Amino acid sequence: MLYKGDTLYLDWLEDGIAELVFDAPGSVNKLDTATVASLGQALEVLEKQHDLKGLLLRSNKAAFIVGADITEFLSLFLVPEEQLSQWLHFANSVFNRLEDLPVPTLAAVNGYALGGGCECVLATDYRLATPDLRIGLPETKLGIMPGFGGSVRLPRMLGADSALEIIAAGKDVGAEHALKIGLVDGVVKQEKLIEGAIAVLRQAITGDLDWRAKRQPKLEPLKLSKIEAAMSFTIAKGMVAQTAGKHYPAPMTAVKTIEAAARFGREEALNLENKSFVPLAHTNEARALVGIFLNDQYVKGKAKKLTKDIETPKQAAVLGAGIMGGGIAYQSAWKGVPVIMKDINDKSLNLGMTEAAKLLNKQLERGKIDGLKLAGVISTIHPTLDYAGFDRVDVVVEAVVENPKVKKAVLAETEQKVRPETVLASNTSTIPIGELASALERPENFCGMHFFNPVHRMPLVEIIRGEKSSDETIAKVIAWASKMGKTPIVVNDCPGFFVNRVLFPYFAGFSQLLRDGADFRKVDKVMEKQFGWPMGPAYLLDVVGIDTAHHAQAVMAAGFPQRMQKEYRDAIDALFDANRFGQKNGLGFWRYKEDSKGKPKKEEDAAVDDLLASVSQPKRDFSDDEIIARMMIPMINEVVRCLEEGIIASPAEADMALVYGLGFPPFHGGAFRWLDTQGSAKYLDMAQQYQHLGPLYEVPEGLRNKARHNEPIIPRLNQPVRLVL
């Protein structure tokens, strides 16, 4: 053994060939700060071996290196810029030493090589991969850019266009594509990986392969003519501006850095990468996006822990077909859980099956499946008008009309048709689970399972724990949701649960703005372009359905009369009374017509102004900041109340529910991350300017207490990571 560290070791393999093996404690290798330091120490030993002929890098895990240790990132971002820059110089000196070894080097890459793992293998001369390879640089998705030489080496290896596509989009690619673009030099079966790697190294050692020529382009300026460079970078910047926009600075910074570094050799290019990386690491966007990643891991880990002793349902059922029922049935069948879809009439069943078939055909058109797979999946959805087969199902979700009487009747009837241990769930969006459970003989086997529309796209499923819901019931529904590829988040029962409970105060803020003379078009524009929502409130209401929102608004007002009971007729009432229900009938705040692809396209409709004038004061202008404040304060206050009341268990789960369920702008990181970025004291000052607007603008007492001491809601890291140089 030449060297033994905590996460890697160095040893002789055969005949002058050494192997550097990544073998961290635990299930995966990560390129954390300690591993970078250990790699430097291993190279120091290696550089003293005069009989060294070649070096093989490999992993003892199922994946090569899954990336940097993202749990270090938030504390790493606290490191002062000068110190962080120094550490990056050190880290890059380690990878440069690997690249500069006077012998051929090869990385035998199995499974994942992402982020720092990818940058590590880019420093070797050859890369041999297994068929399960996923390799790429996802850093821009975390608000940063490659910092270990990825933005320097990848363009010089692949050419500007392929490298820009991977780096700017934060992409990873599979083995076949990596081989095609030159990111790896060969693909071999896992059992032949080491044998093949040694064979390549031997050819390099004997001179049959020119490893020096392979290495040289990575040390030189990017080989592009002025015209080629202008075309590549102009197109890349245009694409990034269109897709990422101003709220996500990392992709554009990465493209501009690669462009600026193109005319330099390795050392100066790495300096430019360093100068770009460090400021990005200190942005609110980076903290927010890394926070989302960590929150996502926390939420999924919690779901896994809750279901560790639970068997995933093998047979499911959906009550109520139509678009929603068909979407749920499709998602279950697509992910391998056969489903019975029951309704009381053929028309609805046909609609549900048509929806499932439409979604499967889209997969076929995209080349994700073939006709055989399509037929196999659709055959596991069984439409029925009766309860045949319900004695074999493990879990049933009810998705009938949002009417408590109807839901109670359907659930009570179904309970008599299933086994005693079968779990029942309701896809209600606002009706308290306790109310629906009152119709059941076994309320402990019942909970809420709130899907978001469209089911196949929206990641979130709210799992609502009723007062009598058992832990096993909750775990079974979590297991099914996870199997369906969803992110389940458990919330406690109340009107609207979590997501809709905090959404309707946001809509109330919108209604008050319109009442006071705001133009809904400007509000939509500000909330989309400035704050970053995918849809402004008027557009969102049209998509949800004005009739649906009108009904839900009444449910919320009954549940929280002190805050959500209206004292005036608002814009939603006016549109509802005029039968303008949104996209579903082509008229809402906006007018909708089908585009060439059959999708609804919004257009202005002057008639709506006369309608809204009856519930609004004369038009007046509001600043962007005032619109954002008046829209967001009611939502943020309600989110805080939900945490204080135990409706949602943690800030992490609240933020992920809003990002995955409502499309809360990821660069803000969620409601609590946004609140902490503002600072609780600053937020309180802002909210107090609008408290005259009513109870929705009154800051909860718990948040007031934190504001007095300017305390964060998300626990704040006090210590930056200790960097080893």
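Positions of Cβ are set from backbone N, Cα and C atoms, glycine also.
The NAD(+) site in Swiss-Prot is built from Met324, Asp343, Val400, Val401, Glu402, Lys407, Asn453 plus one of Ser276, Ser429, Ser482, Ser511, namely Ser429. Here Swiss-Prot has Asn500, Tyr660 binding substrate, and the candidate from Asp296, Asp309, Asp346, Asp370 in that same listed site is Asp296. The recorded positions shown are Glu119, Glu139, Val400, Val401, Lys407; of these, the one with its CA atom nearest the CA of Asp296 (substrate binding site) is Glu139.
Cα-Cα distance from Glu119 (site 'Important for catalytic activity') to Asn453 (NAD(+) binding site): 39 Å (rounded to the nearest whole number). In sequence order, Glu398, Val400, Val401, Ser426, Thr428, Ile431, Leu436 are the residues near Lys407 (NAD(+) binding site), counting only same-chain partners six or more apart with C-beta under 8 A. Rounded to a whole number, the distance between the Cα atoms of Asn500 (substrate binding site) and Asn453 (NAD(+) binding site) is 13 Å. Rounded to a whole number, the C-alpha distance linking Asp343 (NAD(+) binding site) with Tyr660 (substrate binding site) is 29 angstrom.
Separation of the C-alpha atoms of Ser429 (NAD(+) binding site) and Tyr660 (substrate binding site): 16 Å, rounded to the nearest whole number.
If you take the Cα of Met324 (NAD(+) binding site) and the Cα of His450 (active site, for 3-hydroxyacyl-CoA dehydrogenase activity), they are about 11 angstrom apart, rounded to a whole number. Note: the CA-CA distance between Glu139 (site 'Important for catalytic activity') and Tyr660 (substrate binding site) rounds to 20 Å.
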